[in-house]
Amino acid sequence: MKIVLISGLSGSGKSVALRQMEDSGYFCVDNLPLEMLPALVSYHIERADETELAVSVDVRSGIDIGQAREQIASLRGLGHRVEVLFVEAEESVLVRRFSETRRGHPLSNQDMTLLESLKKEREWLFPLKEIAYCIDTSKMNAQQLRHAVRQWLKVERTGLLVILESFGFKYGVPNNADFMFDMRSLPNPYYDPELRPYTGMDKPVWDYLDGQPLVQEMVDDIERFVTHWLPRLEDESRSYVTVAIGCTGGQHRLVYIVEKLARRLKGRYELLIRHRQAQNLSDR
């Protein structure tokens, strides 16, 4: 049976993610105490219900991170496929969302300010984030978050999932990257008026960057680095690794390099591609 645990920071979109799981055909339970998870799984099996499970867990249920990791290991040992989805957002974004909704943080009744509550929650949940697939919703609306969840669900993962993500530095760096590479020193098609309207997915940009020795050297170096270290991370039982490729605007060089790396890594690892700033390009 496939079981998805959804966790993350309050205000980051866990409820939206859970609703998308329900729309995708999962049997969903919100705010389940972790000690009840084995009983829920057993009940589901006894009913011969083949519907996949999605369970939201957070600080309201008094989540014990050590217990959570033990539960995951135990369920996997029984042959269940257990995935963890973690949603988060930047602190300033969470503060704004709480202000707009006028809702209190779940920890706010413990004599802490909102900022202190957010910091405590982030520290508390960090060990769970380490084994999860992370979605940063800072610059997402509900529809975009739903799309990100759907794209993640499409990946039939049997081993390490490698997320190749392009981003523009001027929009902020992704906070969930395991490796980050800066492409701003490479030749930039943006300064060619004929290439500026295109993205790194288009043939004119590919032809231009294919002919740049420095660009090809960079792709080779990143491929060597990634393929050297990924097996070691896999040995540590990591489920997800995010490789972030950044440049100034996020439209040309890095999109090309992410796509180039994906072609080279395809067949060796499960891949998920994200282009954060190239809005016309779908994650896949």
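Numbers here mean position along the shown chain, with the first residue as 1.
Just so it is clear, glycine is given a Cβ too, placed from its N, Cα and C backbone atoms.
Listed in Swiss-Prot:
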- G8, L9, S10, G11, S12, G13, K14, S15: ATP binding site (BINDING)
- D58, V59, R60, S61: GTP binding site (BINDING)
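Cα to Cα, S15 (ATP binding site) and D58 (GTP binding site) are separated by 11 Å. Cα to Cα, K14 (ATP binding site) and D58 (GTP binding site) are separated by 9 Å.
Listed in chain order, the residues near the ATP site other than G8, L9, S10, G11, S12, G13, K14, S15 are D58, V87, E88, A89, T137, each with its Cβ within 8 Å of the site Cβ centroid. Taking CA atoms as the reference points, S10 (ATP binding site) and D58 (GTP binding site) are 8 Å apart. The least crowded of the binding-site residues S10, S12, S15, judged by other CB atoms within 10 A of its own CB, is S15. Rounded to a whole value, the Cα-Cα separation of D58 (GTP binding site) and G8 (ATP binding site) is 7 Å. L9 (ATP binding site) falls within neither a helix nor a strand when secondary structure is assigned with DSSP, and so counts as coil.
Under DSSP, D58 (GTP binding site) is assigned to coil, being neither helix nor strand in the three-state scheme.
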